[in-house]
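Heads up: the structure comes next, in structure tokens.
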Amino acid sequence: MSDDSSSPLTTLKILIIGESGVGKSSLMLRFVDDVFDPEQAATIGVDFRVTSMTIDGNRVKLAIWDTAGQERFRTLTPSYYRGAQGVICVYDVTSRSSFEKLKHWMTEVDTYCTNDNVIKMMVANKIDMPNRTVTREEGLKFAKRHRTLFIEASAKTKEGVQCTFEELIEKIIQTPDLWDNDRPTFRLGQPTDTSSGNLCGC
């Protein structure tokens, strides 16, 4: 995904949260390994992947935490939110209940994230499915209300997956307070419009 011969600008902690079954693991595995398993088992506790990517000429290392959506794992909550610079909150466009519970997940982010300016991305997953129950307009409205980035995606078809991480990481890099200021020199292209409800142009 990037040239490992160059040292990374920084290491970023990225969380993927949301209800069980919305496709969190599938999104992570599609991004990291470019694979999709329709029989992907539910995450037990926390899964973890490390990868790297290059944004505007800056290589960054990503520590991606894929969290379980089940209530019985809520005791893990404070530890895995600690120090996160980015949070991807996923819902399933075919599951109305997963969308309605987004408010709960946003409350968790506000309660447990130690970085006040953590970058949040709302991902409407499974847009390849025909039985959609949550409209794009509803997702955009929620994202605007909670001041998060927004994108629609499909881990199955790959649509929007790369853009999800690229847009999130670019916004983090544009927020220097979120990462190590011991290395202040970095190169950025023209800043993109990352206002609430922005859709990646990939």
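Heads up, the Cβ atoms here are built off N, Cα and C, so glycines get one too.
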The annotated motif 'Effector region' range in Swiss-Prot, which must be one of 22-30, 31-39, 40-48, 148-156: 40-48
Lowest local Cβ density among SER20, SER26, which the record lists as binding-site residues, within 10 Å: SER20
For the motif 'Effector region' (40-48), the mean pLDDT of the predicted model: 60
